[in-house]
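According to TrEMBL, the domain 'Metallo-beta-lactamase' annotation covers 450-621. Taken from TrEMBL, the feature transmembrane segment covers 6-37, 44-63, 227-254, 274-303, 310-330, 336-356, 368-387, 393-409, 421-437.
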Amino acid sequence: MFIKNYLIYYGISCLLLIVSILVHPVFFIFLIFYGAFIIYRLNLMNFISIFIFTTLFFLFVNWPTPINDSIIKGKIVAVDQKSVVLKTSRTKVKVYGDFIGYQIGDVLEMEVEYFNISEPTNDNAFNYKRYLYSQGITNNAMIKRLLSVDSTQSLFKELQKRVSGDDLEDSYASMFVLGIKDEMIEDYYQQLTDLSIVHLFALSGLHIHILNNLLKNILRFIVSDRFIDYFVIVLIGLYVYIIPINISFIRAYLVMLLSVLYKGYLNKLDCLSIVTVLMLLINPYIIFSLSFIFSYLIYFIILLLNQSRYFNLLVYFGSLPIILIIQYRINILSLFLGVILAPLISLLYQMIWIYVLLGDFVKPIVRIIIYFLNNIIIFCNDFSIFINFSKPTLFFILSYYFVYFKIILKINIKQKVIREVLMLVSLLLVFYFKPYYSIEGKVTMIDVGQGDCFLIQQPFNQGNILIDTGGLKNKDIASLTLVPYLKSQGINRLDYVFISHDDFDHCGAYDSLVKEIEIKQTVTSYQEKIEIGDIEIEMLKSGMETKDNNDNSLVIKAMINNLVYLFTGDISSKIEHKLIENYPNLKIDVLKVSHHGSVTGTSSEFLEAVRPKIALISCGKNNRYGHPNKNVLERLEDYDVKVYRSDLTGMVKIIYYGDDNYIYP
């Protein structure tokens, strides 16, 4: 009885410890309160037992450690044309190079050169380093020389041959059986993400459950009921072993394995707790995997719900914060679509396995199901209803799940939950309207590499202004950086976009940006004074005609919360001289240094005249132009100007409320 009742407490304790260490020390406070709760809910002896267990857990955690071996050998566990992930005897390494023709299961030996995994330089940006660590990948490297290749046959390759082909059915089979998405499927995958139903198509515990039932139904004719569970466990275990590592799959299989082996001793909640502790022991960074969070949380909720009549509704609301973390918006249709499509996807998954195991005779059925499925998805995408939020705060997530689990608890003990439901809806409404009651305004230098991009956000959502968009030839800055940041701030519409001039590093991301973000007005030439909320914008004229594109940049003066900002595009000292002549009383507080700190601008004469206190320099890290120029930096230092550079600090924010301004590099 001890095991059945208390293992969940051990699992939560270990999880809280890892979160406290890797996410934020504030969670240690929750860990202390959790200890007090255990003493109150259970007793002191159980607290001591859990404390000792958690301490031992901490001592034996396998913290990922990068390697520095110049020659590595390992098996390919993931591959595309430009990179492979090699599983070595000690860790996993992502190696970049030309890997066309190589397959999962091939063993490669190579000489490599390591390079650092970059940290995000903008708020709310995707943390690639954490993602790699969550996958057990500790190193990024470039291949220097391939030493040997062992391309022996494997069960994975046999399965891959079975599902290979040019038809859409084969693409679905590859996705559902091997977890591999080809180009044909990628087109549909973004639509699935927009509809928030991608979890139904990504290999997960749902598919393990379906496969388990399918195998039992097939094997029931040849295997005794007494042994069928063990037989199926062995077959699924072999399957889980040969496909590329999938966190949800491993979790589901291990829970199933423990449930069969310790039937009558462990319930599924106990099994989930044991698996959680084991996976955290192997790789604590797994807490940064959304697959881990989503699959474990949803399965935990399913176990708690105990087939409630509100099952689908509660599972949907349980997943909302995770969806908001990923997309910053929810699709109303996804609530109904998941319920409608789940049986169809279950049927498709079973038919694909019958096709793989028994032959092509079911392929026409698979084709028909896919036809209906794709048409439903396309139709629903055309009529999607999105509610846009911003990135959830930690306070919102904790408050939401506190109320949410209270609802589940009350439902399980047959109590009314009207008050809690109203609280949950109120939390969502308060979070939705957050931009409209925010007292903060912000001026943000977004790190777009070698380019310019500045965002002005007014308090109470009075207006949002973008000055330049940035742009890189080899990357879509809008989809990778700009759009995700804007949406994380709850911005889906820009009142004004000012383009200083048509150099690609100032406007290259515009075309991609306008596809995702509504833009009310774009300004590319001189206009009279513009007022947006409490902000006054004036464009300064040099009065000088020139064929130099940089010198034709718009020069924008903005009065924002008693500070005068000057955005100078890429102008040279010639234009600066003209501005001083035309505006002899021009004084500013914040200067956007022209041309990323090039020696052609920011002259001593100009600094003497305008007397800035703060300088913002937007430039790429280790850029080939040598920006910012050391002479420019020396001039700024001579005039006691505090300099903030995106290549050193990443994003820089000036936050204001009331009469106060605070700068956060």
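Glycine is treated like the rest: Cβ placed from N, Cα and C.
Each of 6-37, 227-254, 336-356, 368-387, 393-409 was scored by its Cβ pairs under 8 Å to the transmembrane segment (421-437), and the highest score goes to 393-409.
Count of Cβ pairs under 8 Å against the transmembrane segment (336-356): among 6-37, 274-303, 368-387, 393-409, the largest is for 368-387.
Within its own chain, the transmembrane segment (368-387) is flanked in space by residues 168-169, 172, 188, 191-192, 194-195, 329-333, 337, 340-341, 344-345, 347-348, 351, 432, which lie at least six positions past its ends and keep a Cβ under 8 Å from the stretch.
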